[in-house]
Amino acid sequence: MQAQQYQQQRRKFAAAFLAFIFILAAVDTAEAGKKEKPEKKVKKSDCGEWQWSVCVPTSGDCGLGTREGTRTGAECKQTMKTQRCKIPCNWKKQFGAECKYQFQAWGECDLNTALKTRTGSLKRALHNAECQKTVTISKPCGKLTKPKPQAESKKKKKEGKKQEKMLD
């Protein structure tokens, strides 16, 4: 009886050992198969940097729009693509829709030119846009207006009528 148990244990051990060897061989084959595959990826250094055009609004002169990008490279799969963009509507468009400036307060009115000016320094440039470091803008001086006498006289008339009603 002991001999039979011994034979069964040997068979179980041999089966487990063979299963272990089989698993090791399968894992080794899978790893070897991965190493043999040639690299299909194109190196990033073969493609040039993306160069983006200015943002072109879909409608009007601000809001949502698109820009086109191009890059060079013989092995590049994609050399052109379109990207969605947005031009803020509160930016000064005369200096470029992609350049944001921080402006100082308006200066005093120049009586010779009837203009007042202020300067702005570059705060931010979107998508590597080429922007001037400082810009100057001018606008006509506002007319110096005196308080309207009509407005004051209307107030006085109303107050006078109120006093008359109170006296009655």
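Note: Cβ is positioned from N, Cα and C throughout, glycine not excepted.
Summarising the annotation, Swiss-Prot assigns signal peptide to 1-32 and lists experimental evidence as the type of evidence. What Swiss-Prot records for C47-C76, C55-C85, C62-C89, C99-C131, C109-C141 is disulfide bond, and it gives experimental evidence as the kind of evidence. The region 'Chondroitin sulfate binding' annotation in Swiss-Prot covers 92-99, 123-131. The feature region 'Disordered' is assigned by Swiss-Prot to 139-168. What Swiss-Prot lists as region 'Chondroitin sulfate A binding' is 147-168, and the listing cites experimental evidence.
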Secondary structure at C99 (disulfide bond), reduced by DSSP to three states: strand
Spatially closest candidate among C62, C109, C141, the listed disulfide-bonded residues, to C99 (disulfide bond) (Cα to Cα): C62
Residue with minimal Cβ packing [other Cβ atoms within 10 Å] among the disulfide-bonded residues C76, C85: C76
For the region 'Chondroitin sulfate A binding' (147-168), the mean pLDDT of the predicted model: 57
Between C47 (disulfide bond) and C131 (disulfide bond): CA-CA distance (Å): 27
Length of the line joining the Cα atoms of C62 (disulfide bond) and C55 (disulfide bond), in Å: 9
